[in-house]
Amino acid sequence: MDEQRSKALSAALSQIDKQFGKGAVMRLGDHNAIKDIEVYSTGSLGLDLALGVGGLPRGRVVEIYGPESSGKTTLTLHAIASCQAAGGTAAFIDAEHALDPGYAHKLGVDLENLLISQPDTGEQALEIADMLVRSGAVDLIVIDSVAALTPKAEIEGDMGDSHVGLQARLMSQALRKLTANISRTNTLVIFINQIRMKIGVMYGSPETTTGGNALKFYASVRLDIRRIGAIKKSDEVVGNDTRVKVVKNKVAPPFREAEFAIYYGEGISRLSELVDLGVKFDIVEKSGAWYSYQGERIGQGKDNARQYLKEHPELAANIEQRIRAAAAGHPLAFAEEVAEPAAVG
């Protein structure tokens, strides 16, 4: 760049700094411009690895969607527990009025320090979220769910009144306000969303998410969570096998997936994941029904191996450390890249 243009650029940058504050425009190579992405764990080791950065990124909008009872709220409660364990403050905006405090406590959530709001309208919920973000004192906010963010006009209207596009407009306006503040305060905002079926779709997926298209664009990470099977003990169903696809990721390569077990009353079983991922990486040996680690048998069947690791936390920590090291060396081995899924919406 010639000297005259360089001076003109310096003058412009100086004027921008004066008017909008220092750091309004930066060179990407500047030391302060590039920050390591801070994350909160999802509670699933496999999903943390599939996300590419070790968890859900702070300073971003994340959308978690899926059918009913697929584990959406469980995933967010694990993230809240992770945030609180790191000394952070978390808030849960319960638009569905369905949070189970007992279950949250079992997942490691500190209920005494969890901020909770049960708003009457969608506008109130999103305004509360915006105020918490702008405070800069809250590290993680969960909004459960987009489908329950009912516009005030709809609540005050009569049954059967048409309110086409109201919720989509509400979400679009709120996200325009929220995103800049979220980035500035480094707050992680998670929206839980439900799935609906589009009528008259002949080709492609008929599934779509509620609340219009704004959230699809503003979300840095979108997770599609599905129940893929039941976990049985004798004849009793004690949990679900769950698969999560990373359908959008602006902080790492997308389209990876992870599978894990969710046990009723217990949440995501990290120990079951250690056994499965350990076998995948040849860290845990499997011979028939027996699992072994470094030549020592740790259990016959996954349940017994899981129980053994529960009783020997130092061994579990060692296996986890080796899995993380192996995943760093083989980024696609832990969760195979899948074909790009049909776009939802």
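Each residue, glycine too, has its Cβ placed from N, Cα and C.
For GLY66, PRO67, GLU68, SER69, SER70, GLY71, LYS72, THR73, the entry in Swiss-Prot reads ATP binding site.
A coil conformation is recorded for SER70 (ATP binding site) in the three-state DSSP classification, outside any helix or strand.
Every protein chain shown contributes to the tally, and the Cβ of LYS72 (ATP binding site) ends up with 22 other Cβ atoms within 10 Å. Cβ neighbours of SER70 (ATP binding site) (same chain, under 8 Å, six or more residues apart in sequence): ILE225, ARG226, ARG227, ASN240, THR242.
Here the binding-site residues are SER69, THR73, and the one whose Cβ sees the fewest other Cβ atoms within 10 Å is SER69.
Sitting within 8 Å of the Cβ centre of GLY66, PRO67, GLU68, SER69, SER70, GLY71, LYS72, THR73, and not among those site residues for ATP, are the Cβ atoms of ILE225, ARG227. Within the same chain, residues at least six positions away from GLY66 (ATP binding site) with a Cβ under 8 Å of its Cβ are LYS72, ILE195, ASP224, ILE225, ARG226. Candidate binding-site residues: PRO67, GLY71. Fewest other C-beta atoms within 10 angstroms, PRO67.
Within the same chain, the residues at least 6 positions away from GLU68 (ATP binding site) whose Cβ sits under 8 Å from its Cβ are GLN194, listed in sequence order.
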